[in-house]
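Feature annotations, courtesy of Swiss-Prot:
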type     : residues : note
CARBOHYD : 45       : N-linked glycosylation site
CARBOHYD : 73       : N-linked glycosylation site
CARBOHYD : 153      : N-linked glycosylation site
CARBOHYD : 240      : N-linked glycosylation site
CARBOHYD : 275      : N-linked glycosylation site
CARBOHYD : 302      : N-linked glycosylation site
CARBOHYD : 335      : N-linked glycosylation site
CARBOHYD : 353      : N-linked glycosylation site
CARBOHYD : 412      : N-linked glycosylation site
CARBOHYD : 428      : N-linked glycosylation site
CARBOHYD : 480      : N-linked glycosylation site
REGION   : 796-818  : region 'Activation loop'
REGION   : 918-950  : region 'Disordered'
TOPO_DOM : 539-972  : topological domain 'Cytoplasmic'
């Protein structure tokens, strides 16, 4: 019967089961050796069909209701599951048998070398074992024995192979099936798995800008961008139904394929105008979006309003005047102006500037709430762009209900009642005569009515009330009767009752109590004095008290902190220094509570030492609690100890006079103004970073005409909108610090490494405070000083800062707080922790890498600001911050405090950044031609030379600094 084993399959002569085919041999699995003869017979009620793995070695015989599948030379490729079905059976019954061809040389039979599925479907890799004994040691690996990706969920079936459940796009790899045979791993051939993205619809499109206007000859750019989860899609840009040939740029971002078409027009002309459409399509369909490009001959500026330019409003009501502006180029300036006639004051409107349809149309709103009589008149909106000035004027007239008065007089010898009524619109007048004495004739019997359809107009000027006069001639006054003058217009009505008493008569307006002038005067004075007393009491309660911001933690449980009472800290007499050994100089800064004075200390540290120091002291009018607060600050500083990046305590005078706290003298002033001076030196006063679109700049304290107070102890220059100086600027030669002096303050241009240097040193100082369980509570660039060698030192200068006039400190309750630097939990829950200091440090980083901009530029501190903070709003990346530095800021601004990094982690990261910067030198400063010593000096030589000059600078403030050119600033 030939080599191998002959398996005789008996023909079933009877039908077994209802509607289910029968396979002989009737076993679920069959194991044979290579070269064996295998015969499989299937019998059913009708015709039957076989289904199984494809193989060239099978022979098929059909005989009515039976079908025979046979081979005389079985190979590993015959391994698989064979299923017999009866096509005509409505119940769909079937029978199956699994065949193993046990080939030691070929342990795996791979039925397909490529498998394609959609994402989140199960992917079956059909590698079948030829020997069931090997099932215990099977596994799935990537090619070359690499392990599977994490979170890969798979299972194995000896009849079907490996199944990767809910396959992901990232799992598109080449895989191999592995089995243990004789203690060694044997691999199948590779199977490529392709996991395709599920395409939800046509590609997403963006066309920028949504509308475009250009003057003939200007440059223009139109960007058409399409993205999809699958790379197989087309995109094109067409102009007025003409497809444009534009090079395509491709990218893969956020798990989406992106294709971008950019049309650049160097000089636009009228033929470039028209409709532009961005069209993209894939297997799911087509998507398109359009924009209109308008080319004009010259600049234009159009003003219009949907409102009537002549407005009438009842006094006390509100009005919003709206002007729609259509302009190109954009506005260079705009304002609302009051043109009279009542007063020369200008309105202080609440302006709402909202972009309506597109970039070139705006709506400006002048809000006039609760209109007063003096606010009637003409309001003009003026706007300017390169196309010229335009104005739109509204005329506002106020409507008033009539005011009425009546007097008795004689005209041409006849007794006459004279009624004067004023209001707008012009009032009509009616006379009534009624019986009895009453305030209104509605309450009595009306005897007679006279209408005056044409009262005499006494005055009628634009925007004023109209005053009319009506005369009623009365021959004889009936003393038991009332004469009433009524006036009415569209707004309301008014009346005055005239009641004859005797031979004369007196009048009184209805519902009005009569007081003697003496009683009224006394009551007015008493009310005024009471209000004045309440105001003084309120001001006293609102006045901020000097307190030390720094807090030292004694213990904590969760977010509940117990702080050490600084008054209970010991004071070591070793810090005591003789008052007579201090020679005071100029005042460095003065605030609401005290001042800081430059001084020379003789014998501090060493007997013959002469050292320049800064001395903190209170004002002579200080209260006892403020004296206690300064003493607490002294105790905290002595408790913390010394650190290079803290403004260190050098000594104190606590006996025989007011308390004096002696600290290090920092010659370069505070970090905030240092950065702002650098920004001005580099970019100029009108080109500093963050220029306001209306023509102003964010550095409102930087002007060429202004003088600067030298910030030796951390006090800023005078006249800053957002940062208030603690004393007026002196113009004397001793106290002023001119801009020429500032230009000479530092001989080396600013580089990225300097900003990293400042950031790292502040982080080290904060890490030191954190290690001492100290919370700063006011981490900001204004509270960081720079001393010799540009060493950054952290301090607290609340003593000498006028927080009443510093807009950085916002009133919350009875306190003034730097809310733009505060963490959400500090603002809303009054919780201060080391983690809240980390948030503030992130704001300080933003200040450093924006070169001294005010945080949250353009955002006022109001309810919207608090909502932004609560919702997790984060400022944009500063212009001079590398991406990884901005990542630190974002980590510091995590809403959950426990998710913020520690200061130690920040230190480590910044030190690594500094080392990387030294290696790569991506950001460099060009050597200044004005610098002595030649232009060929290396940066390290310049740095050493600059460092050697720091001490001279600190003592004399007199070294030359090259101008910072924009191209020296390589890290923006």
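The first residue you see is number 1, and the count goes up from there.
Quick reminder: no glycine exception, Cβ is built from N, Cα and C everywhere.
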Cα-to-Cα gap, residue 412 (N-linked glycosylation site) vs residue 428 (N-linked glycosylation site), nearest whole Å: 25
Message: Suppose we draw a 10 Å sphere around the Cβ of residue 275 (N-linked glycosylation site). How many other Cβ atoms does it contain, all chains included?
response: 12
- line: For residue 275 (N-linked glycosylation site), the close glycosylation sites (Cα within 10 Å) drawn from 73, 153, 240, 428, 480 turn out to be 240
- prompt: If one measures from the C-alpha of residue 302 (N-linked glycosylation site) to the C-alpha of residue 45 (N-linked glycosylation site), what distance in angstrom results, rounded to a whole number?
  reply: 89
Message: Mean pLDDT across the region 'Activation loop' (796-818), rounded to an integer, is what?
response: 56
Which listed residue (302, 480) has most other Cβ within 10 Å, given these are glycosylation sites: 302
Message: With DSSP assignments reduced to helix, strand and coil, which class does residue 275 (N-linked glycosylation site) get?
response: strand
Task: Just name the most isolated of the glycosylation sites 73, 240, going by other Cβ atoms within 10 Å of its Cβ.
output: 240
Field: For residue 335 (N-linked glycosylation site), nearby residues of its own chain (Cβ under 8 Å, 6 or more apart in sequence)
entry: 381, 382
Message: Applying a 10 Å Cβ distance cut-off over all chains shown, what neighbour count does residue 153 (N-linked glycosylation site) have?
response: 11
Field: Where residue 45 (N-linked glycosylation site) sits in the secondary structure, as DSSP reduces it to three classes
entry: coil
- prompt: Taking DSSP three-state, what's residue 480 (N-linked glycosylation site) in: helix, strand or coil?
  reply: coil
- prompt: 45, 412: which of these glycosylation sites has the sparsest Cβ neighbourhood within 10 Å?
  reply: 412
